[in-house]
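First up is the structure itself, then whatever we jot down about it.
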Ligand SMILES: *Cc1c(COP(=O)(O)O)cnc(C)c1O
């Protein structure tokens, strides 16, 4: 692997050579980073997606999952748009994410933070009115102790592991967790705000594990209620269950992916069929175009070879920006009026397109993915091309790619 230094030499050489004429007059202001590449996030789409979800869940409340920087869309703008769309709750993985939401002024919605390790910073979370999850009796005791020090009552969501075999107390350990919660509640350090679980295979329609998990969940809730726990909310459904299994809705649903307009069941339904609009598009401007002869190897390893004389376009995005290296020779890009496929290896900061004989100049826009309504590929197309899921495609768009918000939001509201 070489470094950026070599990349810039190559680009500089190209500029002096075949492409000296090609900077387009219409390129927006110099120095605006979004002229090179950007992730455009449509906040109106996020609002509308939450409204569409609300329309499908009856009386259940909506917790919009905004972990991982709002699945790459931006933690705070995504959260604000989701709240504007009617989400009464926000869900995050970590306490830091929850505190960032509170610090940004999101004081009204309930926030649930669900992933912690021993010795976590419980006190600031409790002081900020963040609901936390407890997976085990020892963890509940840690939370209760922090609440005592903070002089607060911790709002805790007790998690039953109903069969994902990831977080949560398994059925064997559930009575001990309930016991610990009841004692802490009697002491006033804890209030059981919720009982919840998470599904393993809701994105595979008809998968028998969903019914099994539902039965374990119901039994865990029934057990807790028999011994005197009165949770405010019971919740189980992720996006796939929210959209396909009304019997999993209970009091609160926890959609993530669907908030951002992507389909959690792409083999069955497109976003449009689910009433969703993809919120993110990733765009770039060609940094350089140049003619090369037939038979030229392109990019590292020469894993693409031109078949005729052609025009190559340099796209200033690479795997450091979240373009999977696995998209080498596979990733779809809208350029020059049609879909093309990445030519050769995706580098750290850039990749190349073979644009054929299309009239194109440096500064022309290309679209990696978007809503798909104007012919451009979608995040799902990228997931299919690279053997992953659309969750990963949007979430991994890197910090170097500026987010540009449209549809109201940080400035427009
Ligand atoms: C990420 C997550 C969700 C949201 O999942 P989607 O499939 O994106 O809807 C819901 N609940 C928990 C516990 C999660 O970790």
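For all residues, glycine too, the Cβ spot is worked out from N, Cα and C.
Automatic, uncurated: that is what TrEMBL annotation is.
What TrEMBL lists as compositional bias 'Basic residues' is 1-13. As annotated by TrEMBL, region 'Disordered' applies to 1-34. If you look up TrEMBL, you'll see 67, 300 marked as active site, proton acceptor. According to TrEMBL, the feature substrate binding site maps to 166, 348.
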Could you measure between residue 300 (active site, proton acceptor) and residue 348 (substrate binding site) for me? Cα positions, answer in whole angstrom.
11
Can you see whether DSSP assigns residue 300 (active site, proton acceptor) to helix, strand or coil?
helix
Give me the count of other Cβ atoms within 10 A of the Cβ belonging to residue 348 (substrate binding site).
17
Measure from the Cβ of residue 300 (active site, proton acceptor) and count the other Cβ atoms within 10 Å, all protein chains considered.
15
